[in-house]
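Visitor: Before I ask anything, let me first share the structure, which is written out below as structure tokens.
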Amino acid sequence: MAHLLLAVVAITLALSQSVFGGSPYSNPHFTGSRSVITHLMQWKFDDIAAECERFLGPKGYGGIQLSPVNEHAVLGNRPWYELYQPVGYKIQSRSGNEEQFKGMVQRCNKVGVRIYVDIVMNHMSGAQEGHGNCWFKLQWHHDVSRCSLLVPNDFHGRESCHTDNMDIKNYDNPEEARNCRLSGLRDLKQSSEYVRQKQADFLNHLIDLGVAGSRSDASKHMWPGDLEAIYGKLHNLNTAYFPANSRPFIYHEVIYYGGDGIKSSDYTKLGRAIEFHFYRDIANVVRRHNQLKTVKNFGQPWGMVPSDDALVMVDSHDLQRFHTGQVGVNINYFESRLLKVATAFMLAWPYGVPRVMSSYHWDQKIEDGKDKNDWIGPPSDGSGNILSVTPQPDDTCNKEWICEHRWRQIYNMVHFRNVAGNEAVSHWWDNGDYQIAFGRGSKAFIAINLQDGQGLNRKLATGLPQGTYCDLVTGNLAGGKCTGGTVTVDGSGNADINIAKTAEDPFVAIHVEAKLH
């Protein structure tokens, strides 16, 4: 019997791994049918905990990406990127302290929402004006723990970086990109066993507190072999929240658009790669640079990594500030119509693990293809304390916080994806140009109209059972009634789909859990 039980456990683990790809670090450990991550950029830990309980849990979100949580440089104008200049590995940031972090993780896990921490392992802060730094002669943030116990020999020096000022010049040269400094930030020598252990200790502390995994910032600038050695030291996830022997979920920032040099696939045995082709290619389609009909085989045939190795997005904290990509391609909340369409497609299309951006407001100032205000940090008071997020009666947030994850058109598409599950794309239709529709088996259906100056008015096969469905783009199913439009599916699975040429939200989405009768 014991041998049989062990065999069953082994088969279960093998099946779980096959669903989430070949890497032991590719499983996000969502609960139930949940399937979507949102990035709550630089929210306070207490606000995140409350959001899990009042919105993210009930609306079916699977997890949250946090901004970096460890002690960091404090720069004069409090830019958002100071969190990406760590000075040590104590949980202490603008978002809160360790006790607040611990409480947040517990409260979110309790309602089925996983936590993924943005981890900066490539570097420590540079010797810039400000305070919060360590061996490079600046004080500690909050004057805690006498630095991270790192010394100059724990960083790459001229013996391994040969550029004139030790900064990266050629980002496609693996040795230079991984041994030299990223924008002047002190590059950690992860071939050092001491550095590896320090970083593993920090990750293990987060794991023991109940996080499900992490985003690996700037993975492109770290040797895969060094990361593999560090990950080999990691604990399994906390069994108070996860099944025994669960490995942490890790997804890697590897900016790659094709060609030679450092590839996304170099990192997929260590988790998922953030697929930059995805945002760029869908942005070009939504902007009508390429025909919408071409997305019929969107994913790996477009040069992307396999679906089980991908995390996908249409916006991010870097993209919306044009730190990669460019003005006229990248889509963000300043162009809400385009963002909603791109996000709807991402959530309807069965490729990768999707992540939804949730932003705060800042005043863009575009000059010469750059945002001159791209440094502006989160909403804060005169002392630099981050302002709380306050939900409004209409489910939006106070004006300082954009809260795209609370937009009806987005959270209802999160539900769409959860309902569609592993169903394949079916009932594809297009007009040969900028109108498409497709189903997800017998569970869900979406139609999108980006045709210039032309509505979509057509009877289409949906694959859904006969009945009347709430259109989740224009409203919700509440109290047995639709607050928006409806779509009627006949006995043959067909429905009259109507999307006006001037529609603010040029798509219709229905699924079996929004069926009236």
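The backbone N, Cα and C atoms fix where each Cβ goes, and this holds for glycine too.
According to Swiss-Prot, the protein has these features:
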type	residues	note
ACT_SITE	Asp217	active site, nucleophile
ACT_SITE	Glu253	active site, proton donor
BINDING	Asn122, Arg178, Asp187, His221	Ca(2+) binding site
BINDING	Arg215, Arg355	chloride binding site
DISULFID	Cys52-Cys108	disulfide bond
DISULFID	Cys397-Cys403	disulfide bond
DISULFID	Cys470-Cys482	disulfide bond
SIGNAL	1-21	signal peptide
SITE	Asp318	site 'Transition state stabilizer'
Visitor: For Cys403 (disulfide bond), what is the secondary structure state per DSSP, taken as helix, strand or coil?
Guide: coil
Visitor: Quick one: among the disulfide-bonded residues Cys397, Cys470, which has the most Cβ atoms sitting within 10 Å of its own Cβ?
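Guide: It comes out as Cys470.
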Visitor: Taking the Cα atoms as reference points, how far is Asp217 (active site, nucleophile) from the residue listed as 'active site, proton donor' in Å?
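Guide: Pair distance, Cα basis, whole Å: 5 Å.
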Visitor: Any idea what the Cα distance is from Cys482 (disulfide bond) over to Arg355 (chloride binding site), rounded to a whole Å?
Guide: 28
Visitor: Taking just the CA atoms, what is the gap between the residue listed as 'active site, proton donor' and Cys403 (disulfide bond) in Å?
Guide: 23
Visitor: Pick the one among the disulfide-bonded residues Cys52, Cys108, Cys403, Cys482 whose Cβ has the fewest other Cβ atoms within 10 Å in this structure.
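Guide: Least crowded of the disulfide-bonded residues Cys52, Cys108, Cys403, Cys482, by Cβ count within 10 Å, is Cys482.
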Visitor: Among all chains shown, work out which of the recorded positions Glu253, Asp318 has the most CB atoms within 10 A of its CB.
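Guide: Selected residue: Glu253.
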Visitor: Rounded to a whole number, how many Å is the Cα of Cys108 (disulfide bond) away from the Cα of Arg355 (chloride binding site)?
Guide: 17
Visitor: Between Arg215 (chloride binding site) and Asn122 (Ca(2+) binding site), find the distance joining the two CA atoms and give it rounded to the nearest Å.
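Guide: Answer for this pair: 12 Å between alpha carbons.
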Visitor: At a 10 Å cut-off from the C-beta of His221 (Ca(2+) binding site), count the other C-beta atoms across all protein chains.
Guide: 25
Visitor: I want the residues beyond Asn122, Arg178, Asp187, His221 whose C-beta is within 8 angstroms of the mean position of the Ca(2+) site's C-beta atoms, in chain order.
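Guide: Along the chain, the qualifying residues are His123, His156, Ala177, Asn179, Cys180, Arg181, Leu182, Leu188, Ala218, Lys220, Met222.
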Visitor: Determine the most Cβ-crowded residue among the recorded positions Asp187, Asp217, using a 10 Å radius around each Cβ and all protein chains in the structure.
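Guide: Going through Asp187, Asp217 one by one, the largest Cβ count within 10 Å is at Asp187.
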Visitor: Quick one: pull the CA-CA distance for His221 (Ca(2+) binding site) versus Arg355 (chloride binding site), whole Å only.
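Guide: Checking the Cα atoms of His221 (Ca(2+) binding site) and Arg355 (chloride binding site) gives a distance of 23 Å.
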Visitor: Between Asn122 (Ca(2+) binding site) and Asp318 (site 'Transition state stabilizer'), what C-alpha distance do you get in Å?
Guide: 17
